[in-house]
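J.: Encoded as structure tokens, here's the structure I'll be asking about.
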Amino acid sequence: MEEAKAKRRLSILCSHLRPLGASDSGHAPTHLISSRVSNSDSETENNKKNLHQNDCVFCKIIVNESPSVKLYEDDMCLCILDRNPLSHGHSLIIPKSHFCSLEATPPSVIAAMCSKVPFISSAIMKATDSAYGAWQQSWYGYSVVFLSVSFMFLCFADSFNLVVNNGASAGQVIFHTHIHIIPRKVHDCLWPSESLRRRRLKLDQDVFKLVDSVREQLSVSNNTKNGLTGN
């Protein structure tokens, strides 16, 4: 029963997305990716592997050597469900080339990933809404107490966090750049830090030193990019 419900929720989620190359024949897309590669595509796959690392789990997913639940794919990036989700619909947008950190990722790749955020996040929000509607119809008429308690935990997401964990201290576990889309609902208490009282910024000497230092680093980075090293 639970497996059937999970499959239904996944089919609802995927129905709001139409990845490039999706068939118009009415057949359901394949979400669990096989590790086999046809001989006709072997040369293309070998060229792609030059951009990947053998010990990276995301690279293995990209070259179809590891299974995943795929939501979207194009020439630049891939979107999959997180294997250890923080919430229902928690997804990852991953570039198809390997970059270990955000600063190592080319701006064009970051732009390609970010450009898909409104499209994919909107689909996830609609899918959780649809899943809630189906659940509501299935259980309508049962105990009011049961419905009230269930509603607290199963209410559809109406918001989401867009998160990049960049570096080990920030919580990055897989060192292949990726963006988290984490659906949220009211009072889900997902982030303990949200309950902390935030202090107002003090415009003191330390703040102005920080501003000067950041601006200096930006100037150095810009000059280096434009070949103006001053030597």
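A Cβ is built for glycine as well, from the same backbone N, Cα and C atoms used for every other residue.
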J.: Write down the single range among 126-130, 176-180, 196-200, 226-230 that appears in TrEMBL as motif 'Histidine triad motif'.
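T.: That would be 176-180, the stretch labelled motif 'Histidine triad motif' in TrEMBL.
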J.: What is the Cβ neighbour count of HIS178 (active site, tele-AMP-histidine intermediate) at a 10 Å cut-off, with all protein chains included?
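T.: Its Cβ shell of radius 10 Å holds 25 other Cβ atoms.
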J.: Using a Cβ-Cβ cut-off of under 8 Å, list the residues of the same chain that are 6+ residues beyond the ends of the motif 'Histidine triad motif' (176-180) and lie near it.
T.: 53, 56-59, 82, 90-95, 98-102, 104-105, 109-110, 113-114, 117, 161-165
J.: Using DSSP, what is the helix/strand/coil residue split across the motif 'Histidine triad motif' (176-180)?
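T.: Split into helix, strand and coil, the motif 'Histidine triad motif' (176-180) gives 0 helix, 2 strand, 3 coil.
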